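A.B. asks: Handing you a structure now.
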Amino acid sequence: MSGSSDVFKGLCWVSVMSCLLLACSYVGSLYVWRSDLPRDHPTVIKRRFTSVLIVSGLSPLFVWAWRDFTGVRTGPSLLALMGIRFEGLIPAIILPLLLTMVLFLGPLMQLAMDCPWSFIDGIRVAFDPWFWMLCFSDMRWLRNQVVAPLTEELVFRACMLPMLVPCAGPSVAIFTCPLFFGVAHFHHVIELLRFRQGTLSGIFLSAVFQFSYTAVFGAYTAFIFIRTGHLIGPVLCHSFCNYMGFPAISAALDHPNRLTILSSYLLGVVLFLLFLLPFTDPYYYVLPTPVCTLTSSRSFLCLS
């Protein structure tokens with residue numbers, strides 16, 4: 001009994017250290033370039049694209065090395081474990097994003113009321129190739145909507161969860177994985193201090209808030225990843241949330257249509273809680289989801 005306990009502890013130690021090394025590699029790649037320019041400067045963004053894409057491209061090797069070192073038997077392929085597969089792809093594209101939009105019903109209502117465009121104008125812009133050319137030529141947009149969601153979800157969800165689930169189980173892994181994600185965002189504090197963007201106490205409070213927000217968001221996308229077994233859902237949800245930002249509740253309280261918007265906020269939360277399990281039911285994504293094959297525990301997260 002003691003021998004099996006030691007093996008389990010060894011597995012957990014290797015899993016946690018592998019995740020920590022992967023997180024450090026991701027964040028460290030952002031600082032291999034020496035520059036006195038701020039993080040939003042196009043030159044800085046382009047350089048960081050290069051380094052972070054290299055680390056993200058190599059991140060599956062961490063999972064491969066972990067599997068080889070620990071001897072954990074995986075039925076599905078490495079790519080399937082990381083959520084890169086075709087089974088259940090269409091529901092994985094639509095349902096998690098729709099669920100996230102339901103949660104943001106209040107902010108979406110607020111955005112629609114304040115938008116000077118009509119609905120038809122919005123549709124025209126969405127199908128205008130020139131609009132998308134402008135978006136993809138904007139380095140900040142490309143970072144926030146494409147590169148950051150894709151690389152962060154690949155590293156912090158698709159690579160880390162397969163290493164954590166055999167050790168901690170799906171339920172605990174959902175809340176462990178975001179800690180690496182939240183801590184990884186503390187590097188923004190370095191730049192705020194470096195460029196003196198605010199007071200020390202203000203920067204500290206901003207860091208605590210960002211850690212809390214990213215940890216909660218990370219738990220949500222980890223939940224989606226385990227329930228659906230797909231990477232695409234977390235990536236799209238991440239991109240959408242980056243676009244929306246944190247809900248402007250204070251602006252909603254001062255809005256002329258305050259009652260309508262606040263009711264939308266409340267309705268969105270209620271509907272989100274009602275649809276959370278049905279929209280992520282593993283039945284739609286082909287049972288069992290690959291990452292759930294790594295555990296013997298019958299967690300509700302893996303059950304239809």
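Residue numbers in this text run from 1 along the chain shown.
Note: Cβ is positioned from N, Cα and C throughout, glycine not excepted.
So TrEMBL has the following annotated:
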- 12-33: transmembrane segment (TRANSMEM)
- 45-66: transmembrane segment (TRANSMEM)
- 86-105: transmembrane segment (TRANSMEM)
- 141-244: domain 'CAAX prenyl protease 2/Lysostaphin resistance protein A-like' (DOMAIN)
- 154-181: transmembrane segment (TRANSMEM)
- 202-226: transmembrane segment (TRANSMEM)
- 232-252: transmembrane segment (TRANSMEM)
- 259-279: transmembrane segment (TRANSMEM)
A.B. asks: State the residues, same chain only, that lie 6 or more residues beyond the ends of the transmembrane segment (202-226) and have a CB under 8 A from a CB inside it; answer 'none' if no residue qualifies.
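C.D. replies: Residues 83, 96, 153, 156-158, 161, 165, 170, 173-175, 177-179, 181-183, 185-186, 188-189, 192-193, 233-234, 237-238, 241, 246, 280, 289, 291-292, 301-302.
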A.B. asks: Using a Cβ-Cβ cut-off of under 8 Å, list the residues of the same chain that are 6+ residues beyond the ends of the transmembrane segment (86-105) and lie near it.
C.D. replies: 224, 228-230, 232-234, 236-237, 240-241, 244, 247, 264-265, 267-269, 271-272, 275-276, 279-280, 284-286
A.B. asks: Count the residues of the domain 'CAAX prenyl protease 2/Lysostaphin resistance protein A-like' (141-244) that DSSP assigns to helix (H, G, I), to strand (E, B) and to coil, and report the three numbers in that order.
C.D. replies: 93 helix, 0 strand, 11 coil
